[in-house]
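Presented below is the structure to which this report refers.
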Amino acid sequence: MSSSYGNNGDKNNHEKFGFNLLRKKPQQPSNRSERRADDSSSSEDEAGPSSNYVSSSQLNLPSFRPSGGSTDELNRANRTNVGSSDARYSPRTASNTESGNRRQQMIEDDAIATIRDNSGAARCFDDDDEEEEEHQEQKDSGENPADISPRTSGVTKKLQFKSHPSIIPEDTATQDGGEYYEEKDAEKEDQDDSVSTQSSESKMDHFRHLFRRRSTARPHQETNDGRNSAESHSKGGMRNLNGADDEVEDGGFLSKFLSLTGGGLTPAVNNTDPSGENDHERNAGQNNLEDPIPMSDIAATAQQIVQAHSMMAGKSAPGTQHGASGSASSEHPNGEHNLGTEAGVTSPFEPVSPFNQSTDGETMVSSHQDDAFYVPATNHYDDIDDPDDLEPLGIEGSYIAPVDRVRGGVLGSLLKLYQNQDDQYTKSQLSLNDSSIEQTPEPVDQAGKSDQKTGKKIYNPFHKHSKSQTNVSGANKSGSSMNLPNFKATRPKAAAKNLVKAKNFKKKAAAEARITVHIADLLQRQRFILRLCKALMLYGAPTHRLEEYMVMTSRVLEIDGQFLYVPGCMIISFGDMTTRTSEVQLVRCNQGLNLWKLHGVHSVYKQVVHDIMSVEDANMEIDRILTGKNLYPPWVSVLLYAFCSSMVTPFAFGGDWINMAVAFGIGLCVGSLQFIVSQKSNLYSNVFEVTASIVVSFCGRALGSIPNSNICFGATVQGSLALILPGYIILCGSLELQSRNLVAGAVRMFYAIIYSLFLGFGITLGAALFGWIYHDATNETSCSKNISPWFRFIFVPCFSIGLGLINQARWTQLPVMTLISCCGYVVTYFSGKHFANSTEFTSAMAAFVIGILGNLYSRIWKGFAVSAMLPAIFVQVPSGVASQSSLLAGVQSANAIVNNSTTTVVQDDLSGSMSFGVTMIQVSIGISVGLFASTLFIYPFGKKRTGLFTL
C-alpha cells in the first residue's frame, strides 16, 4: 500500500478531530522545542550523516539498546529508509530531502524529550498471546504493520506507542526478537513517508502522529501498568530519569499542556482517567511482582486455617456423661489430612481433627470429643491414698479411687469461649462475622496472569460480584473445601449462601452453648461441694473424716479439689489444669448439731455419689435443708432441756425425786439462756458457759442451804450443767488426734480443756458469791438419799429420747438411738461396779459396744450411724464425770475464799479445775479408743461398701 493513503487518512482524521486548529500557526517559533531545533540545525549540518541519530549520552539517558543491534546499524537503516522514500517521490530534490531529515531528527528529539518528561513509559507490552494473535492476523492479511497505524487510529484498543529503540530495555528486546525489529522498521517507514510528503507543516504532522499514538497507547499502558512498573523501576525507566533541571530545559508549554490534558486535544481518543496515572496507592507493593509466589507460605497458612476452622461445620452430638460434653468422629489421625483438592483444603462438611484427642488450647469449634472439657488430674501430695497408712475407719462405700481426669476450671472454659470468638477474626484476614468467608473486592492484578488473556473484560467496580470474591457457599457447592480464598471467579447462589450461613450460625451457637453449659455445670458442681461442706460442718458430721468426705465427693463429681480443715473453717482449692490456676474458697461456720438435717444431707450426698440425683437437684435440696426451719421451736427446746436435766440427775449423780424437780427448774433457766438469749445476742454467746455455770452454782447452793429441804447441792448443779459439758468437743478432738489430723485435733482438744476451766471457774465463782451473802451456806456435795437402781431403766431411755429431741432428731430415729444408749449404759454400769475409779477403761468398754451396734446398724440396715451413736456417747460423758465428782471440786475453793484462808486457795482452785479437765480428757480418750476398736472389729480387712459416715 502507498503512503498517500495513509496521509489522506491522516488528513481526514485531523480534520475530524480538530487538528486543523493547529495549522493556523505552523511556523511560529513560540514553541520552545521548535526554537531549540532551529538553533541546533547548524551544528547538525556540520556533523554529517553520522550524527543523524541522537545518542543516549546526549540525552542523559542510560544505554537502552536491543541486544544484537547498535547505533550504526540503526543509522544505516535510517539512511536506507530515507533513500527509499526519495526514490519513491522523485519530484523532491536532494536539498529538500536533507532538510526533511534534519527536521525529522529534531522532531524526534523533541518528541523523546517530551515523552521523557511526561510519560515515563518505555514500551507498552501486551500479553504474548495477544501479540502473537495480532501479528498472525497481519501476516495472514499481507498488510504492512506501518500501514495499520493511521488506518486504525480511531480504534483505541489495538494501537500502541512504540518508542525509540534506544530507550527500549535490553531484556525486552531479547524476549521479543524479530517482532521488535518489524515494528521498528514499520515505524521508521511511517516517519520517512511523513517527512517526504510534508514541507513546512511536517513538524505539526509528526506531532499529530505522536499525540495520536500516545493517546491510543495510554489505555494499554494503564492495563499493564502493574506488570511494567516494577520493570521500569528496576531497569531505569524514563520516569525515573527526569529531574528538576531536565524538566525546565526539555519541557515546553505545549508538552505540559498536553500532559495535563491527558495526551491530546481530542477527548474522544482518551478514555482513561488521568488521575490514576500517578496513583501511588495502586502502584504500592509492586516491587516484587516478578518474583515467584512462595507456595510454601500459602500451604502453611492454609493448614493453620484448616486446623482453626475445620470442625466448624462438623456435626456434634450431646454427651451422655453429666450432660457436659459432646461427641465427634476422630477417623482421621494426625498427619492423614492434606491440602487435597483444587482449593487446597478438605471439605468443611467432613469432620477434620488435627489431633486424636482434644488439647488444653482447643476450642469447642474444633473439638467435639467426649473429653473436650476434661484435663488430666493433678497428683496431689496427700496421704489419703497411701497404701501403708491403714485407715481403721475405712468403712463401706466411703472410699473412691482417684480419677484419671477431671473437669477443666471456669477460667479455662471462659478462655475457650473467647478463643472461639477470636478465631473468627484472626486467620488470614478472613471475615467470619456472618459465618461465611468473603474477601474484600479489589481490582484483579493482571501481573501474575501471563498465561491468561486480558481480553476485553475490564474490571468494573460497580459490579455486584467481583472476580476476587470467594464465598463459602460456592466452595462448599463445588466441593473445593475449607473456605480458603479461591483464585477462580465464582458466583454463589443466594439460596445456598443463606443455607450455609444458617448452618454455620447454628453450629457456632451450639459450640458457645456447649461451653456455657459446661461452665454452668462446673459451677453447679463446685457450689454443691461448698454447700455440702457447710452443711456437714453446721449439722455435726464427724470432723476427723470431713476432709476425706470432701475428697471423695470431688472425685465423684470429677472436680480437681484440695481441702484443709481446721476447727470452724474449711479451706477449699479448686484447681484448673488448663490454665495452671486455682480458686480458693473458705467455708466458715460454727459447728452445731442437728441430727435430722444431718440425715437429710447424708441422704442427698449418697444419691449424688451413686448417680441417683443430679447436681442441680442436689443443690436445690441442700438449699432447702439449709434454709429450712428446725423441727422444734426454741421454747420446746427449753422444756426439753429441763426435762433432760431432771432425768440425768437420778442415775448419773445420785439425786432423788426432789432433786429432779429442782434440776428441772434450774434447767429451765439454763435452757432459756442457751436457746433464747444466746441465739439473739452474739456477744452473750461468747460468755454463755461462764454465766450459766455461775447461775447454776449460785442457785443450787442457795436451794441446798435451805434447812430440812433434802435438796442436794451437788446433784442439782451437775444435773443442770450436764448438757453443756464439753464431752462432744473433746470426743471430736480425740478422734482427730487418733486419725492423725494433728492440727484440728490439737486445737479442739486445747479448746475443750479451756472450756472445762471456764465451767470450773463459774461454779467456784457462783458458790463463793452465795457464800459471801449467806455465811451458813451448805458445803455438802453428796446426796444422802438415792433412788432405786431399777428406776434407771426408765431414766436412761427418757434421757436418751430427750437428748435426741434437743438435737433436732425425728421421732423415727428415736428407737435406734434409745436402744444403743441403753446398751451402752448397761456396760458402763456393770463395768463401773467391777472397775472402780477407772474412768478411761469404763468409757472405752462402753464406747466399744456402742460402736459395734452403730456400725452393724449402718452395714446391715443401711442406716445412719452418726445419728444413732451420738446420744449414746452423750450418756457416757456425764456418767464418767460423775464417777470422779470433779465438777464440784471448786466448792472447797469457794469455802476457802469465804473464810479468808487465802494460803491454800490458789492451789486448791488450780487442782480442782485441772482435775475436772483431766477427767473430761480421760472420758473422751476412752470413748475414742472404743470407737476405733469397734470399727476395726466390724471391718477387719477394710472392706468398703455403702456406709458413708461413722464415728
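Placement of Cβ uses the backbone N, Cα and C atoms for every residue, glycine included.
The shown structure was predicted, so the numbers you read here are calculated from the model rather than taken from an experiment.
The following features are taken from Swiss-Prot:
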COMPBIAS  1-10  compositional bias 'Polar residues'
COMPBIAS  68-84  compositional bias 'Polar residues'
COMPBIAS  92-104  compositional bias 'Polar residues'
COMPBIAS  126-135  compositional bias 'Acidic residues'
COMPBIAS  219-234  compositional bias 'Basic and acidic residues'
COMPBIAS  318-332  compositional bias 'Polar residues'
COMPBIAS  354-366  compositional bias 'Polar residues'
COMPBIAS  468-484  compositional bias 'Polar residues'
REGION    1-293  region 'Disordered'
REGION    313-366  region 'Disordered'
REGION    433-487  region 'Disordered'
TRANSMEM  635-655  transmembrane segment
TRANSMEM  657-677  transmembrane segment
TRANSMEM  687-707  transmembrane segment
TRANSMEM  711-731  transmembrane segment
TRANSMEM  753-773  transmembrane segment
TRANSMEM  786-806  transmembrane segment
TRANSMEM  811-831  transmembrane segment
TRANSMEM  841-861  transmembrane segment
TRANSMEM  863-883  transmembrane segment
TRANSMEM  918-938  transmembrane segment
Stretch with greatest number of CB pairs under 8 Å, the transmembrane segment (753-773) reference, 687-707, 786-806, 863-883, 918-938 candidates: 687-707
Is it the case that the transmembrane segment (786-806) and the transmembrane segment (918-938) touch, counting contact as three or more CB pairs under 8 Å in which the residues of each pair are 6 or more positions apart? no
Please identify the stretch among 657-677, 687-707, 711-731 with the greatest number of Cβ pairs below 8 Å relative to the transmembrane segment (863-883). 711-731
If you count Cβ pairs under 8 Å, which stretch among 687-707, 711-731, 811-831, 841-861 touches the transmembrane segment (657-677) the most? 711-731
Would the transmembrane segment (841-861) count as touching the transmembrane segment (711-731), i.e. at least 3 C-beta pairs under 8 angstroms with sequence separation of 6+? no
So which of 635-655, 811-831, 841-861 is most in touch with the transmembrane segment (918-938), counting Cβ pairs under 8 Å? 841-861
Under an 8 Å Cβ to Cβ limit, what residues of the same chain, 6 or more beyond the ends of the transmembrane segment (811-831), are close to it? 595-596, 599, 651, 789, 792-793, 796-797, 799-801, 803-805, 841-843, 845-847, 849-850, 853-854, 857, 863-864, 867-873, 875-876, 879
